[in-house]
Amino acid sequence: MGHQEEPPRICKTPSGHEQGEGPAEKTSKPSTEEVGWDGPTDPARPVNWSRKKKWWNMGIISYLTFLTPLTSSIVAPAQGLVMKDFHSTNRTLASFVVSIYLVGFAVGPLFLAPLSEIYGRLRVYQVGTFIFTIWNIAGAVAPNVGALLVFRLFAGISGSGPVTLGAGSVADMFARQERGVAMSLYGLGPLLGPVIGPIAGGYLSQAQGWRWVFWLLAIVSGVAVILVLFVLSESYEPVLLRQKAKRIRRENSSVEVNAGQALKLDSRKVFIQAITRPTKLLFLTPNVALFSLYTGVVFGYLYLLFTTVTEVYETTYHFSQGATGLVYIGIGVGALIGISCFGALSDKIQNILIARNNGQAEPEFRLPPLIPGSFLIPIGLFWYGWSTQMHIHWIMPIIGLGWVGCGMIATLLPIQAYLVDAFGEYAASAIAANTVVRSIVGAFLPLAGPSMYATLGLGWGNSLLGFVALGLLPVPVVFYFYGKKIRMNSRYQVSV
């Protein structure tokens with residue numbers, strides 16, 4: 001968000017009298033003020049907020065980025081109950097009850113990211129969370145599977161805001177050298193949420209029925225509505241400057257005020273530019289395209305596991321529905337280990353590289369943890385696949401899932417931090433493009449899971465996934481060593 005640049009200033013355009021054109025007349029135009037921040041330490045600027053205010057806001061955003069991904073998987077252990085209740089035995093349709101939510105996650109960012117540039121991040125968080133709550137209530141009373149699919153789709157659209165805008169909010173509030181911990185907290189939700197979801201959903205649906213899964217979601221999202229309405233603050237600088245300009249106009253109507261040339265675009269033009277920006281970045285910039293593909297594969301694997309682990313443990317290890325949810329703890333523990341290792345290393349490694357680079361920061365300095373981290377997901381898939389294929393003790397596949405969880409953190413955190421640093425003011429658009437791709441793959445790859453495992457078995461099926469993941473290893477290596485040259489290449493300078 002330009003935190004490294006000189007902050008905006010208030011510039012006054014003098015009247016004719018001030019320019020030495022003779023005495024001022026009563027009909028002379030009033031002076032014009034261009035509104036900016038009151039110096040580099042202006043406390044109204046989000047990057048200068050108190051530590052307490054920053055982390056209150058960060059905590060709420062992290063809660064949202066935990067809650068909305070949790071909703072994607074919480075119904076996974078209850079797929080059988082849902083289909084039984086609606087008298088269907090279609091396994092692909094059962095998987096789609098889970099994954100259609102991610103179709104909404106793919107559609108939502110295309111609209112919510114540009115709307116945040118017009119109305120601010122806060123308004124999108126508020127309206128989106130309220131509508132998200134409504135769709136969860138609708139899911140609890142769904143009369144048939146078709147209606148449930150529609151409600152899940154719209155819940156995904158309205159719930160995609162926090163994941164799309166969260167990285168931009170981090171960039172708003174934290175200087176580049178301080179973002180590592182905040183990005184780790186933001187990035188933890190999209191991984192821990194889907195892991196904890198099946199644990200809660202398994203026992204709750206077994207005890208109270210699958211509809212109570214949606215009532216629980218409605219309750220916890222209702223709490224989120226209260227937080228975003230009464231505690232969360234706006235952090236998007238252009239919107240804050242527009243608000244400041246309006247406030248000055250009200251207090252002194254004799255002074256013409258604007259919030260900078262870049263902020264005077266009409267809403268329609270801003271919306272069109274912002275809605276096309278993620279598409280341009282996705283198709284015209286190699287870093288966004290390849291890292292979006294990378295995260296798409298990772299999320300596709302995650303949701304493929306979510307939709308198949310339940311059946312594997314019920315049929316192979318004879319777990320109850322509630323106990324099956326506990327299997328996902330393996331991914332959660334792995335994710336926590338990944339956070340403690342890779343989250344802590346992110347800022348340290350970057351600071352070392354900055355010092356070696358004569359104090360000059362580069363986005364590519366976020367990528368070193370991704371290189372060793374790229375081996376973890378293949379290790380986990382081989383471990384999980386062959387453990388289940390050979391019917392080895394049930395703890396062994398869970399350990400394999402732990403490797404997968406750790407690898408996902410090691411993959412997603414550096415990529416998100418890299419995109420935020422590389423695109424600055426347009427970080428939300430880069431993350432939106434990334435979210436669209438990973439959500440589409442996450443929605444549709446699980447549909448191929450049952451037929452793939454039926455043909456190849458759990459061992460070779462998961463090995464195939466592992467080999468594909470290994471094939472992506474050159475991506476972070478290439479961008480670490482040549483990323484700046486690629487970014488500076490005029491062929492990839494996109495007008496956004």
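Every residue, even glycine, has its Cβ placed from backbone N, Cα and C.
Summarising the annotation, Swiss-Prot assigns compositional bias 'Basic and acidic residues' to 18-32.
A simple way to gauge crowding: the CB of Asn48 (N-linked glycosylation site) has 18 other CB atoms within 10 angstroms, across all the protein chains here. The N-linked glycosylation site annotation in Swiss-Prot covers Asn48 (among others) and rests on sequence analysis.
In the three-state DSSP reading, Asn90 (N-linked glycosylation site) counts as coil. Neighbour list (Asn90 (N-linked glycosylation site), Cβ cut-off 8 Å, at least 6 residues apart, same chain): Met83. What Swiss-Prot records for Asn90 (among others) is N-linked glycosylation site, and it gives sequence analysis as the kind of evidence.
Among the features that Swiss-Prot reports, N-linked glycosylation site is placed at Asn252 (among others). Within the same chain, no residue at least 6 positions away in sequence has its Cβ under 8 Å from that of Asn252 (N-linked glycosylation site). According to DSSP, Asn252 (N-linked glycosylation site) is assigned to coil rather than to any helix or strand.
Taken from Swiss-Prot, the feature region 'Disordered' covers 1-45.
Counting only same-chain residues 6+ beyond the ends of the transmembrane segment (58-78), those with a CB under 8 A from a CB of the stretch are 97-98, 101-102, 105, 125, 129, 132, 136, 155-156, 159-163, 166, 169-170, 173, 182, 185-186, 188-198, 200-202, 205-206, 210, 213-214, 216-217, 220-221, 224, 227-228, 231-232, 303, 306-307, 310, 321-322, 324-325. Here Swiss-Prot flags 58-78 (among others) as transmembrane segment.
The feature transmembrane segment is assigned by Swiss-Prot to 93-113 (among others). For the transmembrane segment (93-113), the residues of the chain that approach it from at least six positions outside its boundaries are 71-73, 75-76, 79-80, 82-83, 124, 128, 145, 148-149, 152-161, 163-165, 274-275, 277-278, 299, 303, 306-307, 428-429, 431-433, 435-437, 439-440, 442-444, 446-447, 449-450, judged by C-beta separation under 8 angstroms.
According to Swiss-Prot, the transmembrane segment annotation covers 130-150 (among others), on the basis of sequence analysis. Panel annotation: around the transmembrane segment (130-150), residues 68, 71, 82-83, 86, 88, 93, 96-97, 100, 158-159, 211-212, 214-215, 217-218, 221-222, 224-225 of the same chain, lying at least six beyond its termini, place a Cβ under 8 Å from a Cβ of the stretch.
Residues or ranges marked as transmembrane segment in Swiss-Prot (evidence: sequence analysis): 154-174 (among others).
Residues or ranges marked as transmembrane segment by Swiss-Prot on the basis of sequence analysis: 180-200 (among others). Panel annotation: around the transmembrane segment (180-200), residues 58, 61-77, 162-163, 166-167, 169-170, 173-174, 213, 216, 302-303, 306, 309-310, 324-329, 331-332, 335-336, 339, 342-344, 346-347, 350, 405, 408-409, 412-413, 416-417, 420 of the same chain, lying at least six beyond its termini, place a Cβ under 8 Å from a Cβ of the stretch.
Annotated transmembrane segment per Swiss-Prot: 212-232 (among others), in sequence order. For the transmembrane segment (212-232), same-chain residues at least 6 beyond its ends with a Cβ under 8 Å from one of its own Cβ atoms are 56-57, 60-61, 63-64, 67, 71, 74-75, 78, 122, 125-126, 129-130, 132-133, 136-137, 139-140, 142, 200-201, 204-205.
Residues or ranges marked as transmembrane segment by Swiss-Prot on the basis of sequence analysis: 288-308 (among others). Residues 72-73, 76, 79, 95, 98-99, 102, 191, 194, 198, 281-282, 328, 331, 377, 381, 384, 401, 404, 407-408, 411-412, 415, 418-419, 430, 433-434, 436-446, 448-450, 453, 465, 468-469, 472, 475-476, 479 of the same chain lie 6 or more positions beyond the ends of the transmembrane segment (288-308) yet place their CB under 8 Å from a CB of it.
For 325-345 (among others), the entry in Swiss-Prot reads transmembrane segment, with the evidence type sequence analysis.
The transmembrane segment annotation in Swiss-Prot covers 367-387 (among others).
Summarising the annotation, Swiss-Prot assigns transmembrane segment to 395-415 (among others).
If you look up Swiss-Prot, you'll see 427-449 (among others) marked as transmembrane segment, on the strength of sequence analysis.
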**Q.** Two-stretch contact, the transmembrane segment (367-387) and the transmembrane segment (463-483), at least three Cβ pairs under 8 Å
**A.** yes
Q.
Does the structure show the transmembrane segment (154-174) and the transmembrane segment (463-483) touching, where I'm treating 3 or more Cβ pairs under 8 angstroms (sequence separation 6 or more) as a contact?
A. no
